[in-house]
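Copied over from TrEMBL:
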SIGNAL    1-17  signal peptide
TRANSMEM  61-81  transmembrane segment
TRANSMEM  145-166  transmembrane segment
TRANSMEM  178-197  transmembrane segment
DOMAIN    185-302  domain '3-oxo-5-alpha-steroid 4-dehydrogenase C-terminal'
TRANSMEM  259-283  transmembrane segment
Amino acid sequence: LAAAFLAVLLLLRRAPARRPGGGISGVVSDLFQDLIRYGKTKRGCGQRPAWLRLLQVPKRWFTHFYVVSVLWNGFLLIWLFQAEFLGGSLPSWIQHVHRALGRDSQSEDTGNEHFSALLVLLLLWLHSCRRLAECLWTSVFSNGVIHIVQYCFGLGYYVAVGSTVLCQVPTNVRNGKLLSMQICWYHIVGITTYVWASLHQHRCLVILANLRKSKSGKVVSLSHSVPFGDWFERVSCPHYFAELLIYVSMAITLGFHNVTWWCVVMYVLFNQALAAVLCHEFYRKNFSSYPKHRTAFIPFVF
């Protein structure tokens, strides 16, 4: 997935927003642009064909991603908590998944893997809860749309990412350590980074929402404006940058050495970079006075 989004990011520099004329190349270009863009960034594609407009759903359906994540990852969190503290074992279907992925269910837990995974699953669940609350009570969605493929992919992603955490631990063997003995320095560093990034992401989402609200909190507009404040002073999409930092914080919480989770981080990096480049392009194209010193995604770098 990381490689796929990197390839799309590189392809974007070569592909125009819309090829003139029709033919197979025009259809392929239309489909490519429609699959990588959503919300306001679809405006750069011009008038989209009718058959593509049939394959779209409201962007506000992003909320469904976090509903699924809260329910599914909350379910996994309960199972893992029982296995860690109540002496239970993970369900047989999870053990089957472990074996299918090549994980030896009888392997020893040598690096506090159960406890680290429990913390990461908790952080992932809390992140989903916060994002769900923001979608319901903070964000002001316009009439933007997303492709049905993007929507289905998002639903599947939040199911897969929690399962990925769970598959990083042995299913049957606990390490027998007391809770106080399982807390390591990297847990503290990871959680601190998580809280810091989450606070900034929330602030940036509030700034975006306030652009469409009056001082009394009433929604007065659905148009797009240039945001200022917090990390917006340096990047066009600081909420995407904060999302990357949140996943990096989970990699730290797992003890730095978990290769699988670093692959997840790489996926988030290129996925969010693609979305940030498209948003940055939108701002620069539609606002002539847009601050030139802002980068798209990572401050001072990209």
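The backbone N, Cα and C atoms fix where each Cβ goes, and this holds for glycine too.
Predicted automatically and left uncurated, TrEMBL annotations should be read as such.
Residues of the same chain lying 6 or more positions beyond the ends of the transmembrane segment (61-81) and with a Cβ under 8 Å from any Cβ of it are 88, 90-91, 94, 114, 117-118, 121-122, 124-125, 128-129, 131-132, 135-136, 141, 146, 151, 154-155, 157-159, 161-163, 165-166, 169. Secondary structure of the domain '3-oxo-5-alpha-steroid 4-dehydrogenase C-terminal' (185-302) per DSSP (helix as H, G, I; strand as E, B; remaining residues coil): 74 helix, 4 strand, 40 coil. The list of residues near the transmembrane segment (259-283) in space but at least 6 beyond its ends in sequence, with Cβ under 8 angstroms from a Cβ of it, reads 1-2, 5-6, 8-9, 12, 36-37, 40-41, 43-44, 120, 161, 164-165, 167-168, 224, 226, 235-237, 240-241, 243-244, 247-248, 250-251, 290, 294-297, 302. When pLDDT values are averaged over the domain '3-oxo-5-alpha-steroid 4-dehydrogenase C-terminal' (185-302), the model yields 95.
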